[in-house]
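Right, one structure below, let's go through it.
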Amino acid sequence: MMNNHFHLQHDHPPQNVAHPFMQQPSTAVPSAPPATYGYLAQPAGQQPQWMTTTYQILPPSVGPATVAKRYYATTGPQTTHPTHPSTIQITNSFAQQSTPPKQQAATSCSPFKANNIRIISTAPSVYSLNKPPQEAHSTYAPVQSYYLPSGGGQTAGQINLLAASGTGKQLQPPPLVPVTNSTSPPSTVVLDRINICINNHYTETPTSLSSSLTTAQQPSPIIPAIQHKAILPLIDSSTADSSSCSSSSVSSSSYSGTATTSAAVVIVDEPDSTTTTPQTPPTTPEAMSSPGKSSPSPPLLATQSLLKGVNSMKPSFKTVEAAPPTPPTPPSPPPPPPAPPVAAPSPAVTYALQEDVFIKCNDGRFYLGTIIDQTSDQYLIRFDDQSEQWCEPDKLRKLGGGSSITAGGGGASTTESTNTSPSGPMCVACKRSDIEDVVEICERCGRGYHRGCTVEIVTGSGIWSCKRCAKPMKMQQPVSHKITKPAGICRQLPYHADKLSWDEKHRVNEEQIYCYCGKPGKFDHNMLQCCKCRNWFHTQCMQNFKKKLLRGDMFFVFCCTVCNNGIEFVRRMQIEWVDVLHIALYNLRKHQHQKYHHLLNDIWPFILEQRHQLPICEKWRTLPETALMERLKQTLKDYSDRFVCGREFKRAPAFYALRHSGPPHIPKVFLEPHEELSDELLEKRFKLMLMPEEPDEGANELPKRVPKDVYEFNTDEDDPVETSEDEIPIKQIIEKAKKQAAQKADKHDELPLKPDLADDNANDGDPGKLPAPIPPLLDANSSRKRKAFRLSKRYDNSRNHCDLSSDENSSSSRGTSSLDLIIPPPVNFLGRNNPFLMATPKKASQGRSISVGTGVGVNGIINSIFKLKGTSKEQPRMVRTIKRRLSAKDITIGPNQEVRRRRTRRLTTAIEVISTTTINPIPSHYLPIYAKDLQPPAPPMGKPTHGRLLRQRPQKQSPSQSRRNSTSSTATSSSSNGIGAPGHSMLDLKQSVNKYFGGAMNRIDAGEPFAIRAKRRMGNGQVQYLVEWGGDTATTAIGLLGN
């Protein structure tokens, strides 16, 4: 097992870094080049430690800068050179193995058995350097690598000479040691992270240094690391020792002019127990390239790849401290106890009430909450779900600044300097905290809003709550987007226009606040853009703009009253035919939701309808239609970059569409706030053609009669209209009906009063005196509202014929019923107020002749219904009996066991005649008339000419009729009372009653249950039965004709 540990001692603040992992005394070279670092060879007399590396932090040198002062790592208890007490020692200890003498000898002479340590700095920026710009870039050189074998017995002077002569690779200083001996003030460098990568190299033993440099080397993979932290002071160039170094450095690109801190955070990656073996394929950046293609020199780390990886990382103090450090894996050999960590005093972080903070919970995540209460050592946090929790300050983190979390583990700890919170509250809408702006604080949640960023704030309203807290569980009320013209001249917008978040083309902002009114809108629909402030304004809110524009018609030069000293500047630009077609296709696409439009069916009618409103010259408006059509066709062909012909997409060539679905391009006219607008400026500077101003008389006549725009209707993108399609016609119909009713009332007053119909009942039967009911003329496509209105109109007209005046005894005067208030009851029920009045059309001759001797009043009406027809010689009509219900007798089973219905033939000539009380027959005009009834009756059979009587075949009778004939007797042809006038026989009476009420045998055939309760015989021999029909207590006496 491998054990990696390090020691950190605090007797003296370390100032320098070196890598002497091989002990070899050397003499300093007085005339050494500028300060560098290098490897020191191991003495030949000592037994080398197998795979052991020591990393030291050296103090500043004492004496001249040219004198090299070195410290050596201890590999045994006896050493001749002192070891500085302030060291960080990283030891890679593998299990000691007993090797044979031959292997031991080979190990001692192998130059690459010892580990090479490379320091790779991933810090993307250096915060401050007290160096001029020309020296700053030369101080930190690109990443370089240099590997030096342990064998060969080279001295320090030889190594320095080797590095200076360029035999090996030119070495660069480590990131902590700048290459200079300048006596300028010490430079300050802040490094976020340093990865120490341990590479093990295994090659055969070369005999000389030159041969070892040309041998291909195979680096081992980087050992998985556990991060530990240590605070190291920065190193000044004036205290650097002179030696050779094989470390790497990263040049920094960010500089600032002030010094911030004197400590750097160094993160040492320590391997864990899952260490890979040397035989594992290499995963280091230098192993990406193939060993066979590598140069004889040792593999290098590319500067570009490393810098790219450095820039892709986001080293920050918060990210490092957010994750707790993982403790190191317990080693197999017990490591020495680590020294107590050095912790800088963390600055005090204060939190205020109603401040939003992050709280770190047990799951490792941060949750947003608001401080609502505090004690001496705890804070009460309320979360968004209304839950509350007491937290200590070390678990809190400021929303916009640093953190007070102190993390420690593995013998190291870090603290981060926090930024102080802003002095005043911040608006949650615009995320700004300006001193001159007033931020209103919600009383419940503590969130702040500028008065211009929300519409709920009312000045002087006292306690205020935001919309989120005022109605947390209710749906938002629909905001009224009705555009109303503001009163007076607007000199100041009710919102902060500079805080709006606009898109790239400055057409739409995220807040949806526009115009003088601060309400939303659509830039391509009745809105114009100011040429100075570039804000968009509704045409309805402008002072003298009365027109409605087409979608995408923004060819105006407009300046608002805020930018133009209270006067609006509006000028219309003249457009070309290509813009006319673009506007036409853009509107058709918005309204019809189609991409392609036919030239003759869609585009041509639209331009003919709208060409008097489009900004084209008067000559083009008066073009003949043939010339206009030719101009449109030629324009569509010439501008193929804006219009698409249907031929390109396998459509008819008469179809066209926009290549890009946006509105037409408008000339950009933007001016500075101090520039003065004029027509000359627009024509000379921007080369615009302006339309002449329209006279005011046309604007005054416009509201009188505005032609209906057939293309002006709502689309899915437009706001919904509150009025439905049926309400407008209903209102028009109601107004028209009121006018007609008033006219009829005036005519009715001019006509002479008619006598009361109740006093003259002789005229009741006259059809000329009765108003015939007028059927309503209902259209199939009319709505229910129209039907209801017409029916109510009929009711109002018919109610005028009745006497609706109420007396003192009526229910409406007592107020006992609301229905009586709506429909007042009449005074009497005579004449037309009779509820049983039936307006029947009758012939005048019959009415005059029969009405003599009839009673007056209700009796006369009943007699008029059931009176005899003296001259009637008609034959009785054949009426089919009513449909009967299906009974069990009608169901049969076929030969194949299928269920069938029994078919019974019903003869239309089978008429049931029963004897009952003598009443007048019902008039024939109340009975249904069929086509077969209109046929003339068959002529009576006369005597044949051949003198022989033909034998008449008996007619087939129905089962019900045969059953009736077998149980009953036949009736006489005339009544017993002697009233046998022609046409008034009992047969006609019984036939009419049977046709109207239905016969007993029909009811029996229909399956209606019945029971015979009694039987009697009359004096004339007629037998009558008392029949009780199923379920009814009432009985009916039915006379059956017997023999």
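Using N, Cα and C of the backbone, Cβ positions are placed for all residues, glycine too.
In Swiss-Prot, the entry for phosphoserine among SER242, SER249, SER806 corresponds to SER806. Looking at 1-34, 69-102, 885-918, the stretch flagged in Swiss-Prot as region 'Disordered' turns out to be 1-34. SER805 is the residue among SER243, SER289, SER805, SER974 that Swiss-Prot labels phosphoserine. Taken through DSSP, the domain 'Tudor' (349-404) splits into 3 helix, 27 strand, 26 coil.
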